[in-house]
Amino acid sequence: MKVAVLGAGAWGTALAGHLAARHDTLLWARDAALIAGLQARHENSRYLDGIALPDALRYDADLGAALAHGAADDALCVIAAPVAGLRTLCHAMRDAGCVPAHVVWVCKGFEADTHLLPHQVIAAELPEQQSNGVLSGPSFAREVGRSLPVALTVASASAECRERTLAAFHHGAMRIYTGDDVVGVEVGGAVKNVLAIATGISDGLGLGLNARAALITRGLAEMSRLGVALGGRAETFTGLTGLGDLILTATGDLSRNRTVGLQLAAGRTLNDILGALGHVAEGVRCAQAVLALARAQSIDMPITQAVCGVLFDGIAPRDAVSGLLRRDARAE
């Protein structure tokens, strides 16, 4: 199978390395200098340093060439751009005049200005593209790059897209499950990043494992309420792309969103944290969108509201926690 991976960040690079073990894989990035470095060293020293990439993996800064590769009869196109760049990439794909027949995306979050999920952005920008889906689940790029075990879910309304994605990714240490709840999978992947900031704050303040467990559990309830209101199925949120991804992102030391929370608890400013991080922290980008959607649906999401207060309203982390503890008692 031919596979084109659009986006050479940490996640796109790790997935391309995995795919290249079995398939004719081409990794694209718009940054010619990044591509030149990949071609010379077979390592993404900018985003995934220390991980050797397969010799068979090819690289290109020409989007047209990458799209042609991913548009072959027996091919798959993987969009690994962040949500913030998804619409721009779709524009570029359309302008290139070559939209692959089978597309799967791996980005997580809501578009900041529109509050749209990735599938809604793609439907608006590439309406002719019908065989598509989302690949998501509890996964750190560095561990996938090291070929450590991982389980992911592909969700799509298209059986052909599910089968093609399964054929591409299900090998080696990667196990793929299939489903059709695109909305549920996407909401889980977005909201868990916001909740991971909350658990990072709690851990950074030294509030203990009891508090962490409470935040994860009540956070899962928030995620499920919003997801069901937006059209997802409740059972999706107890699976890999809901609870599984939440546990990993909220507790794993490789989590950028958890790191944001830890650093906020230590008294650092958000601008300083993001500057030092050097990578995307999707929980910061989409927190306000999550809260706005919750309010529009009249859904109570107190943990998300507390995170937004710390990120954007100048509320001290300890005061945000105190506010949660002062909430009226209620039935679970």
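From the backbone N, Cα and C atoms, a Cβ is placed for every residue, glycine too.
Per Swiss-Prot, the feature active site, proton acceptor maps to LYS192; the stated evidence is sequence analysis. Within the same chain, residues at least six positions away from LYS192 (active site, proton acceptor) with a Cβ under 8 Å of its Cβ are GLY219, MET223, GLY242, ASP245, LEU246, THR249, ALA250.
Taken residue by residue with DSSP, ALA141 (NADPH binding site) is part of a helix. The NADPH binding site annotation in Swiss-Prot covers TRP11, ARG30, LYS108, ALA141, ARG256, VAL280, GLU282.
Neighbour density for SER255 (sn-glycerol 3-phosphate binding site): within 10 A of its CB lie 23 other CB atoms from the protein chains shown. According to DSSP, SER255 (sn-glycerol 3-phosphate binding site) sits in a coil region rather than a helix or strand. Under the heading sn-glycerol 3-phosphate binding site, Swiss-Prot lists LYS108, GLY137, SER139, LYS192, ASP245, SER255, ARG256, ASN257, citing sequence analysis as support.
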Greatest C-beta neighbour count within 10 angstroms, which of the binding-site residues ASP245, GLU282 = ASP245
Between the binding-site residues SER139, ASN257, where is the Cβ count within 10 Å the lowest?
-> SER139
Cα-Cα, SER255 (sn-glycerol 3-phosphate binding site) versus GLU282 (NADPH binding site), nearest Å, comes out at 11
What's the CA to CA span in angstrom from LYS108 (NADPH binding site) over to GLY137 (sn-glycerol 3-phosphate binding site)?
-> 10
Write down the Cα-Cα distance for TRP11 (NADPH binding site) and GLY137 (sn-glycerol 3-phosphate binding site), rounded and given in Å.
-> 12
